[in-house]
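TrEMBL has this to say about the protein:
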type	residues	note
TRANSMEM	A:12-29	transmembrane segment
TRANSMEM	A:36-54	transmembrane segment
TRANSMEM	A:60-80	transmembrane segment
TRANSMEM	A:87-111	transmembrane segment
TRANSMEM	A:117-135	transmembrane segment
TRANSMEM	A:162-180	transmembrane segment
TRANSMEM	A:211-232	transmembrane segment
TRANSMEM	A:244-270	transmembrane segment
TRANSMEM	A:290-313	transmembrane segment
Amino acid sequence: MQQLRLNFEKSTWIYLVIASLLFILPFMMSGRSIMFLVMQIFIFGIFAMSYDLLLGYTGIVSFGHAMFFGIGAYSIAIVFDLNEPTMFYLIVGVLIAVLLAAIVSFVVGILTLRLKSHFYAMLTLALAGLFLVAAEKWRSVTGGADGFTISVPEFFKDRTNLYLVCLIVMVLFFFGLRRFTNSPLGRVLMAIRENEGRTESLGYKVLHYKVIVSVVSGVVASIAGVLYMLSLRFVDTSVFATEVTLDALLMTIIGGVGTLVGPIIGAALIEFAHHWLSDLSDVHWIFERWIILFGAVYILAVIFFPKGIAGTIQELYRKKRKKRQDNKEIKSEDKMAG
Amino acid sequence: MDLFFSLTVNGLATGMLIFLLAAGLTLIFGLMDVLNFAHGGLFVWGAFSGVWVYDLTGSFWLGIVGAIITGLILGAIIEYLIIRPVYGNHVQQILITLGLMLVLSELIKVVFGPDQKAATAPEYLQGSFMVGDVILIKYRLFIILVGFIVFGVTSLILKRTRIGLIVRAGVMNKEMVQTLGVNIRLVFMLVFMVGAAMAALGGMLMAPYSGVIYAEMGLEFGILAFIVVVIGGMGSFSGSLLAAILVGLAQAYMAYYVPALSLAVNMLLMTVVLIFRPQGLFRVGVK
């Protein structure tokens with residue numbers, strides 16, 4: 001037990017060191033585009049973490065996660081559009097985003113989470129489609145497919161500030177969600193993933209827990225949407241597109257399902273790859289179609305490395321540690337015998 | 001009245017295209033318990049390869065044959081390489097077939113170029129008949145006809161032949177069929193190939209109907225096909241025909257009478273069916 005706690009702290013330290021390195025990054029380098037890229041990684045890292053709560057921790061496949069992302073982006077954008085872009089309305093916008101996401105995820109969850117995995121996946125795909133259609137048709141508020149530009153509070157016009165805010169939010173969510181997944185509630189979620197029927201017969205109300213996790217996940221995703229809007233200062237219907245969900249899916253699977261670092265690693269990989277491989281399209285046109293590469297990696301990952309990067313590393317580490325421990329035990333036994 | 005009539009013909013034609021896609025999907029699900037999210041990808045591949053052959057040879061029929069052959073080959077490869085490793089694991093199946101869908105639609109852009117492609121019906125299928133004051137567009141009637149022929153032939157195969165018997169028995173209880181000495185894996189592959197070929201045929205027929213084909217239409221039609229499969233009941237062949245017609249008609253009428261709802265009507269339909277009757281309207285089998 002002692003050993004376990006010590007190791008937890010060790011990994012926490014590693015994460016904190018990385019976070020503080022990222023903290024000083026904007027003061028070390030001035031490349032605007034690279035900073036924007038890293039910011040996108042934070043935002044999609046948050047989004048992918050929220051997706052992993054469903055996919056990796058509870059074993060729910062949702063194809064409609066983009067709807068919460070879009071709800072976040074549109075709530076804040078519309079609040080700023082109708083009012084002055086001040087810090088007060090930022091808070092109002094965030095509250096509205098969180099509230100809406102919570103309500104929608106609650107209602108959707110109550111109605112659909114009792115369905116089997118196939119049906120749930122399809123239904124969420126369709127519901128996200130409905131949101132996309134609604135955003136396109138409700139032109140007076142959403143500006144239709146063209147979207148609209150908005151001004152943000154002064155504070156966020158400075159790239160460094162925005163960068164730091166995104167980083168802080170990501171770090172907070174990372175540790176918060178780690179706490180959440182390590183809590184008794186998180187353990188029940190993992191039990192549902194491993195064996196739903198058994199969890200149910202042990203007396204847990206599975207639907208109840210699934211709804212809770214979908215609300216948490218929806219709220220976190222909506223915050224990612226808010227940050228996304230703040231970073232782009234523009235919103236259009238593409239925030240509801242299936243591609244957004246697919247991105248989260250790729251990030252989670254490649255980075256590592258069932259871990260919280262995994263989605264962030266995945267987000268970094270995909271955003272960087274997207275950035276660089278698109279640049280390479282001058283060299284050869286195949287790089288324009290970088291998604292093929294990722295699709296192939298993704299398929300191979302699902303078949304051969306279902307744990308992704310982070311999961312595989314963790315497993316290796318755990319194995320090594322176990323070996324070391326075994327060796328130690330053998331040695332001490334030898335000593336005793338000697 | 002003639003307006004209503006032509007809307008109906010429209011809806012039927014769209015319904016038949018969706019049926020071709022959904023029929024394979026529902027059989028694959030019923031028999032193999034695999035929900036193939038990449039089915040729309042096969043639809044696009046059928047469309048592009050068929051139009052390519054059609055352009056090359058100038059023969060529409062050769063184009064159809066080309067699309068079907070593409071569907072069969074792709075179906076065999078996909079079943080063997082992608083689906084086989086993940087039998088029995090639903091979450092992995094969903095994830096992997098979705099990834100496949102991405103790859104298939106991006107590959108379209110690599111092989112056939114990223115632009116939209118235009119396609120026209122051959123001359124003898126262009127134009128329209130006049131019956132009284134009702135205009136019947138030939139190509140739409142042709143699609144409806146093909147849809148019914150495919151439905152008829154497949155139903156006959158399912159009901160009258162030994163292989164059809166095995167497939168129907170497999171949908172009900174595949175372990176039992178296996179115990180009786182049937183190589184169910186082979187049947188799986190065959191059904192997957194036929195399903196893929198039907199999707200490819202649907203894509204090819206779709207091309208002159210809409211005039212243009214593009215890589216993204218796979219996902220759009222894929223979603224419609226899912227809706228149909230859900231409404232019709234997973235694994236029910238005739239259910240998928242009825243549901244496809246229902247969806248096609250609903251879309252055609254709504255597009256005219258309530259345009260704002262036309263995109264949403266089918267999703268609403270599916271939502272209602274899933275919530276109140278998740279087994280679908282025409283469920284078969286005992287699962």
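In case you wondered, yes, glycine gets a Cβ from its N, Cα and C as well.
On a predicted model such as this, the values are computed, not experimentally measured, just so you know.
Sequence-remote contacts of a segment are chain residues at least 6 beyond its ends whose Cβ falls under 8 Å from one of its Cβ atoms, and for the transmembrane segment (A:117-135) they are 59-67, 70-71, 74, 108, 142, 144, 237, 240-242, 245. Sequence-distant contacts of the transmembrane segment (A:290-313) (same chain, at least 6 residues past either end, Cβ-Cβ under 8 Å): 250, 252-259, 261-262, 265-266, 269-270, 273-274, 277-278. Contacts between the transmembrane segment (A:244-270) and the transmembrane segment (A:162-180): present, as 3 or more C-beta pairs lie under 8 angstroms, all at sequence separation of six or more. The stretch with the most CB contacts under 8 Å to the transmembrane segment (A:162-180), chosen from A:12-29, A:36-54, A:211-232, is A:36-54.
Sequence-remote contacts of a segment are chain residues at least 6 beyond its ends whose Cβ falls under 8 Å from one of its Cβ atoms, and for the transmembrane segment (A:12-29) they are 35, 38, 159-160, 163-164, 167, 171, 174-175, 261. Residues 36, 39-40, 42-44, 46-47, 49-51, 53-54, 57-58, 60, 62, 65, 68-77, 93-94, 97-98, 100-102, 104-106, 108-110, 113, 150, 152, 156, 162, 165-166, 169, 173, 177, 180, 185, 189, 239 of the same chain sit 6 or more residues outside the transmembrane segment (A:211-232) yet have a Cβ under 8 Å from a Cβ within it. Through the fold, the transmembrane segment (A:36-54) approaches residues 22, 25, 60-62, 65, 68-69, 159, 162-163, 166-167, 169-170, 173-174, 177, 180-181, 189, 213-214, 216-218, 220-221, 223-225, 227-228, 231, 244-245, 247-249, 251-252, 255, 257-260, 262-264, 266-268, 270-272, 275 of its own chain, all at least 6 residues removed from its boundaries and within a Cβ separation under 8 Å.
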